[in-house]
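Colleague: Take this structure first; my questions come after.
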Amino acid sequence: MKLAYWMYAGPAHLGVLRVASSFKNVHAIMHAPLGDDYFNVMSSMLERDRDFTPVTASIVDRHVLATGSQRKVVATIHRKDQEDEPDLILVTPTCTSSILQEDLGNYVARAAPYTKSEVLLADVQHYRIHELQAQDRILEQVVRHIMDPERQKGTLDTTPTPTPSANLIGFFDLGFHHRDDSRELRRLLHGLGIEINSVLPKGGSIPDLHQLAKAWFNIIPYREAGLMTAKYLEESFHIPYIDRTPIGLIETRKFIGEIEAILQTRGVDRHEYYEKFIIHHETIVSQAAWFARSIDCQNLLGKRVIVFGDCTHAATITKLLVRELGIHVVCAGTYCKYDEAWFREQVNGYVDEILITEDHTQVADTISRLEPAAIFGTQMERHVGKRLDIPCGVISAPAHIQNFPLSFRPFLGYEGTNVVADLIYNTFRLGMEDHLLELFGGHDTKQIGESQMAESISNSKGCQWTPEAEKELAHIPRFVRSKVKRATERFAQEHGYPVINLECIYLAKQSTSVDIETIQHLLFNDETEVQ
């Protein structure tokens, strides 16, 4: 645990609450002080569901600190059991209330005999793991809690469904495009002739857990949550699982191939049908294959980008950029340090550098050092891109409200491939808008350009520019101006120029090979919008 003003993944109790709020008729009781109870507000703002978030805060105040928490926690459990009649009540402390070292397990044990609902204490180390790890562990804990007693008594129905079926495990509230990904994956499986046995936890219920063992296989679209549940089902009921994420045409084809292989082990051969299905969707349904061969996409060849996010999205987007669009990924990274080995294995050979860190300042420093043409990352990388004047597309959580759209925008499957291709192309294209306004004119272009230039110069780190130097810098196209400006300032600091004048600019051009021919090459050959 460390103090930080930005975290890529939240504290563990957020993962617990996301599991509870994703299920139908499951209620969470959070034992926490005021200040830790922001989940309801955050969930209401981002998810925009019609229903209230099923989370109740058992507030730790001065009275509780003086008399103990047992009476309050037990009373809250009994009250929510009577009011809401949930199938399961999930009790969790937060990292703050864990400092009190209270025996919440004992409180739950005292309350459970007098409730109609199942009551379960979230078994996670709040100081050792973060949000993504917690939701993975808690989902597995809930599944075990429901299925193990029936399995031990031999009353659990494990008869496979008569036709091929799958469990979709790993869709959560506040997940990055999870609602739309779930719809698209259902549609893809329907086209492949696969029935949906259960979906967990988003949209699922506790009674659905009794049916999990009837599926032919499990699908885990995101490594961050659901993998522990899939491994438990494989060990206990011998149900295979697929953990490949179908983002991009190549990965979607491999995903379908893994489904075909599982069906063949059950004596079902659909090879010919699946081949026709893939060809039809790659040539007609998905526009991404055609787009990759278009002149617009050809202009993206060799572009230098940085990718950063969770393991699943960072790895799959990196491979899509390199294999399907020919874009040069100079650095790919993830904040999921616990899954570093898998991530390195996935992106090895596709990138120049690999960055594994939870520190957003290291990511910002890497972006500043490598100066890519675009960034594909989280909301934090979007902020960094705005500061450095580098366009950024958000491809991973954490994200803001614009990445919880009301419209249908999946990342998985063939429709998701179209969405991702649009995101990639528009990220580059929008980076040219300011320059095109400057070049061809627009409303108040001159005033806007001058004010932005003045702001840019005023933000220089310890470097003063003469009016002549500012005028010369203004002649450089906007999309490479910030790069030329940083290179010139770096040259001035290294060679002891207190003020940047025309002589300093010309010497910097010579030393870094940033001359007029280079700028013209960038302007007329390297950018997509200038023909």
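Heads up, residue numbers simply count up from 1 along the chain you see.
Every residue gets a Cβ built from N, Cα and C, even glycine.
Per Swiss-Prot, the features are:
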BINDING   D36  [4Fe-4S] cluster binding site
ACT_SITE  D296  active site, proton donor
BINDING   G431, M432  substrate binding site
Colleague: On a simple 10 Å Cβ count over all chains shown, which one of the recorded positions D36, D296 is most densely packed?
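Modeller: Counting every other Cβ within 10 Å of each candidate, the maximum falls on D36.
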Colleague: Going by DSSP, give the three-state secondary structure for D36 ([4Fe-4S] cluster binding site).
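Modeller: Once the DSSP labels are grouped into three classes, D36 ([4Fe-4S] cluster binding site) ends up as coil.
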Colleague: What's the CA-CA gap between the residue listed as 'active site, proton donor' and the residue listed as '[4Fe-4S] cluster binding site' in angstrom, rounded?
Modeller: 48
